[in-house]
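Feature annotations, courtesy of TrEMBL:
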- E87: active site, proton acceptor (ACT_SITE)
- K188: active site, proton donor (ACT_SITE)
- C221: active site, nucleophile (ACT_SITE)
- 46-315: domain 'CN hydrolase' (DOMAIN)
Amino acid sequence: MALRRTQVVGLAVFVLCFSGLQLLLQAAEPPSYVAAVYEHRVLLNPKPGAPQERRSALLHMRTNLRVLEEQSALAAQQGAQIIVFPEDAIHGFNFSRSSISGYLESVPDPQEITWSPCADPHRFPDTEVLQHLSCMARRNSLFVVANMPSRLTCNQTSDPHCPTDGQYQFNTNVVFSDQGVIVARYHKQNLYFEAAFDTPPERQHVTFHTPFAGRFGMFTCFDILFRDPAVTLVKELGVRQIVYPTAWMNQLPLLAAVQIQQSFAHAAGVTLLAANIKAAEYGITGSGIFTPWDSLIHHDTQGNSGKLLVRRVPVLDPLFIGDVKSDVLKLAPFSGYPKIGLESEKTHVWSSSDANYCEKDFDCTSTSFNSIMMHDNFTLVPLRGHEGNVSVCSGSVCCQLLFRRSETLEFYALGVFNGLHVVNGVYYLEVCAVVKCAGGDQSSCGGETEHAHTVVDFRLTGTFGTKHVFPGILGNGMTLDVPDHSGWDDGNRFYMSRRGMSAGLVTAVLYGRHYEKDND
C-alpha cells in the first residue's frame, strides 16, 4: 500500500528527530575505549644461565610471540583499541648479564627517530622481535604494549655510569601505534633481583598519546611501590591512565598482584591496565583492568593457560575529555574519595558515636603481640567478640579499628608496622592492617591465606607521616572490594570504611609509603 505524502513527511521528520536524539544521547555519554590485557603462560628457557646464540634465542622468543599474535587478533575481534602484554612474556626470566645477550635488541628512541619496523624492516639490524610486534599492531589496528630486553651502547669515557662491557642492558617496555610505529620506550627503573639488567642512569617519566583516549603513562612491576616513576607520573604530571606490564609474585596478605593493582588505581584515581605473566610454579598470577571504582580481574594459581581480559572503560585524560563535566575529573590523586554511585542504605558513615560498643566481656586494651608479616615485625592486637574498638601503635603511627562481624570462629588481628622494609627490596612503610590469621594462634597472623568466611563491617583509621596511603580490601577467594568511603580526616588521619561485603574479609589494609625515608 502506497504511503500518502503527509505520512512520508511525518516519517521523515520522525527519523530526523530520532537521529538527533541519538546524537544528543551519544554526546551526553562520557568518552570511552576498549582495553585488553593478556596474562601469558610464558614458555621459559629451561637453562636461562647458559648463553645462547641469536638464532636459538629467536626460536625461543617466537614460540611466545605466536601466542601473543593470536591474542592480539582475538582482542581486535572484540573491539580492543589497546592491548598490554606482561613483563618477561617474550623472553622469560632468571638470566645472567651474559646469558641474555642473544635476546637483546636495540630500541631507538621514538622522540628522536620515527620508525615502523614492520614497514621498514631493514633500517636497523637484529630487530626481529620489534618487527614482529610492529606487524602485530599494524595487522590488528591496535596499540600494542610489550616488554622485551634491550641494549644501548655507551662510552665509558664520556659516561661515568656506562657498564664495563660498554653497553647498558635494560628491561624495556615498547609501545607501538595501530600503524606499527614505535611511539614510546621505557626502561624499568626499580629492578627486582634482575642480574641481566642495568638501572637507567636517569629517571624517566614516559607518556604516549592515543587517538581514542588521549595520554597514557607507563611503568613496570616493582616500580609501583616507588615514587619514581609511578607517583610522579600521576601526582606531578597529571597522568590518569597507566599501562603496566608486570611479573608479580603474589605476597599475601598485603601484596597479592591484583590487590596492589587495585589499591593503586583506587588511591591514585587512575585506570590501570595490568598484565601479569602466568607461572604457577613461582606463584605468579594476577592481572586486571582497573578503574578508580571497579575492576575486571584474573587470578588463578592452579591453571596453566593464559587469559585475555577485554573491557570498555571511561577515558580519564582531562585534556581529551575537554569540557565534559564528569565525576571522574573531580577525583584528586591520593586525596581519598567516596565510591561513585554507592549512595545507598548500605553506605554507612562511621562516626565517633560508634566507638562505644565494646562488649561487656571485651577488653578494648587487649595485650599486644608481635608476629612476622611479609618479613616485617608487626605489632598486633586480637579482635574479640562480635564487635569492638581496638587500637595499636608503633611510634607515631597509630591504628584504630571499629568493627562488627558475623561470627567469631576465625582469628583476626589488627596490626601496625612503622619502619624500613629490608627484605627483597628496601623501602619505608607505615601500615595499618586487619588480617584474618592463617591459623588459630598468634604466630599465624601474617601467614598466607586466600579464604575467610567472616563478614566484617569496619572503619579503619591510621595516623600517618606520609600522604601516600593505598587502601585495599581483599575478600574470600581473592575477590576485591573498594571502600564505601576513604580519605583524610583531621590532618594526618586517613580512614576507610566498608559495610555489607558479600564475601568474608581476608585483609583490609592502609598501605602507607613514606618515600622520603627510603634511604634511612
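Glycine is treated like the rest: Cβ placed from N, Cα and C.
TrEMBL does not curate its annotations; it predicts them automatically.
Values in this document were obtained by computation on a predicted structure and should not be read as measured data.
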Pairwise Cα distance for the residue listed as 'active site, proton acceptor'/K188 (active site, proton donor) [Å, integer]: 10
For K188 (active site, proton donor), the number of other Cβ atoms found within 10 Å of its own Cβ: 25
Listed in sequence order, residues with CB under 8 A of the residue listed as 'active site, nucleophile' and six or more positions away: E87, K188, Y192, Y244, P245, T246, A247, W248
Surrounding CB atoms that lie within 10 Å of the CB of E87 (active site, proton acceptor), all protein chains: 28
Local confidence of the domain 'CN hydrolase' (46-315) - pLDDT mean: 97
